[in-house]
Amino acid sequence: MPKLVLVRHGQSEWNEKNLFTGWVDVKLSAKGQQEAARAGELLKEKKVYPDVLYTSKLSRAIQTANIALEKADRLWIPVNRSWRLNERHYGDLQGKDKAETLKKFGEEKFNTYRRSFDVPPPPIDASSPFSQKGDERYKYVDPNVLPETESLALVIDRLLPYWQDVIAKDLLSGKTVMIAAHGNSLRGLVKHLEGISDADIAKLNIPTGIPLVFELDENLKPSKPSYYLDPEAAAAGAAAVANQGKK
């Protein structure tokens, strides 16, 4: 039976500062490193053994995966990285303080930019220090497909081809697949797997550093409800994510 393990990266330095991060490459905070280590301990304690790893191209997801797999004694498994698993591109909001952005735009527009399904923030200018123009990570990617801003709908559009064409093959061969990625790329994947509506996806918050497990059937649909390896910590973490921007 295919098994999928989703891990949102641990707290990053910009999560700690309450900044919109998106495609800006920042590292894990000290707390984030601890969360990643705990994720690995949970994998080992619960006997969930990934056979192959997928991550985004961003350091915080890569760090999380490396720390977790070392704790789980699985650092040796094959690794694949793709920009298609990157966080949502937050456009002109990248690098901005969430609380200040809330004050500037008001709660309705802030929530629209942050949580609506199909409304992206204003695009980032190529001259911005938080733009990815010229970033070496993407030098082999067609520049016409690289975003300057994204909604969750656009994240799903660029994520699903990679899921269907690449990740699915490992799952269908019976492997346990671990994906270490980001709040919005993982929300998009969970939406696809669970058939969550465009309206209801706004309510889904994925906590940092706690493995979420899907047991899938031969059609890669959940054969039972998904579950966190630490449900109590996951509930508290999801509530903290929901409150971001309010301090």
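Note that the numbers count up from 1, one per residue, in the order the chain is shown.
Glycine too: its Cβ is placed from the backbone N, Cα and C atoms.
The Cβ neighbour count for Q11 (substrate binding site), using a 10 Å radius and every protein chain shown, is 23. Per Swiss-Prot, the feature substrate binding site maps to 8-15, 21-22, R60, 87-90, K98, 114-115, 183-184.
Taking a C-beta cut-off of under 8 Å and a sequence gap of six or more, H9 (active site, tele-phosphohistidine intermediate) has these contacts in its own chain: L28, G32, A36, L58, R60, A61, Q63, T64, A180, A181, H182, T208, G209. In the three-state DSSP assignment, the secondary structure recorded for H9 (active site, tele-phosphohistidine intermediate) is coil. Summarising the annotation, Swiss-Prot assigns active site, tele-phosphohistidine intermediate to H9 and lists experimental evidence as the type of evidence.
Annotated phosphoserine per Swiss-Prot: S12 (among others), in sequence order, evidence recorded as a large-scale study or a structure entry.
In sequence order, G10, Q11, E16 are the residues near K31 (ubiquitin cross-link), counting only same-chain partners six or more apart with C-beta under 8 A. The ubiquitin cross-link feature in Swiss-Prot is assigned to K31 (among others).
According to DSSP, Y49 (phosphotyrosine) is assigned to coil rather than to any helix or strand. For Y49, the entry in Swiss-Prot reads phosphotyrosine, with the evidence type a large-scale study or a structure entry.
The C-beta environment of K57 (ubiquitin cross-link), restricted to residues of the same chain at least 6 apart in sequence and closer than 8 Å, consists of R81, S82, W83, L85, N86, R137, Y138. K57 (ubiquitin cross-link) carries neither a helix nor a strand DSSP state and counts as coil. Annotated ubiquitin cross-link per Swiss-Prot: K57 (among others), in sequence order.
Here Swiss-Prot flags K71 (among others) as ubiquitin cross-link. DSSP gives K71 (ubiquitin cross-link) a helix state.
Taken from Swiss-Prot, the feature active site, proton donor/acceptor covers E87. Within the same chain, residues at least 6 positions away in sequence whose Cβ sits under 8 Å from that of E87 (active site, proton donor/acceptor) are T21, G22, W23, S56, L58, A181, H182, G183, N184, S185.
Note: S116 (phosphoserine) has non-local neighbours S151, L152, A202, i.e. same-chain residues 6+ apart with C-beta under 8 A of its own C-beta. In this structure, S116 (phosphoserine) belongs to neither helix nor strand by DSSP; it is coil. The phosphoserine annotation in Swiss-Prot covers S116 (among others), and the record cites a large-scale study or a structure entry as its basis.
In the three-state DSSP reading, S127 (phosphoserine) counts as coil. Within 10 Å of the C-beta of S127 (phosphoserine) there are 7 other C-beta atoms, taking all protein chains into account. What Swiss-Prot lists as phosphoserine is S127 (among others).
Per Swiss-Prot, the feature phosphoserine maps to S128 (among others); the stated evidence is a large-scale study or a structure entry. Neighbour list (S128 (phosphoserine), Cβ cut-off 8 Å, at least 6 residues apart, same chain): D92, Q94, G95.
Swiss-Prot lists K139 (among others) with the feature ubiquitin cross-link, giving a large-scale study or a structure entry as the kind of evidence. Remark: K139 (ubiquitin cross-link) has no non-local neighbours by Cβ distance under 8 Å and separation of at least 6 in sequence.
Residues or ranges marked as ubiquitin cross-link in Swiss-Prot: K175 (among others). Around the Cβ of K175 (ubiquitin cross-link), the number of neighbouring Cβ atoms within 10 Å comes to 18.
Per Swiss-Prot, the feature site 'Transition state stabilizer' maps to H182; the stated evidence is a curator's inference. According to DSSP, H182 (site 'Transition state stabilizer') is assigned to coil rather than to any helix or strand.
Residues or ranges marked as phosphoserine in Swiss-Prot (evidence: a large-scale study or a structure entry): S185 (among others). Its Cβ taken as reference, S185 (phosphoserine) is surrounded by 27 other Cβ atoms within 10 Å in the chains shown.
Marked as ubiquitin cross-link by Swiss-Prot on the basis of a large-scale study or a structure entry: K191 (among others). Under the DSSP three-state reduction, K191 (ubiquitin cross-link) is assigned to helix.
The two recorded residues K191 (ubiquitin cross-link) and K175 (ubiquitin cross-link) have their Cα atoms spaced 22 Å from each other. Comparing R8 (substrate binding site) with K71 (ubiquitin cross-link), their Cα atoms are 16 Å apart once rounded.
Counting other Cβ atoms within 10 Å of each Cβ, the recorded positions R8, K191 show the lowest value at K191. A separation of roughly 19 Å, to the nearest angstrom, links the Cα atoms of S197 (phosphoserine) and R88 (substrate binding site).
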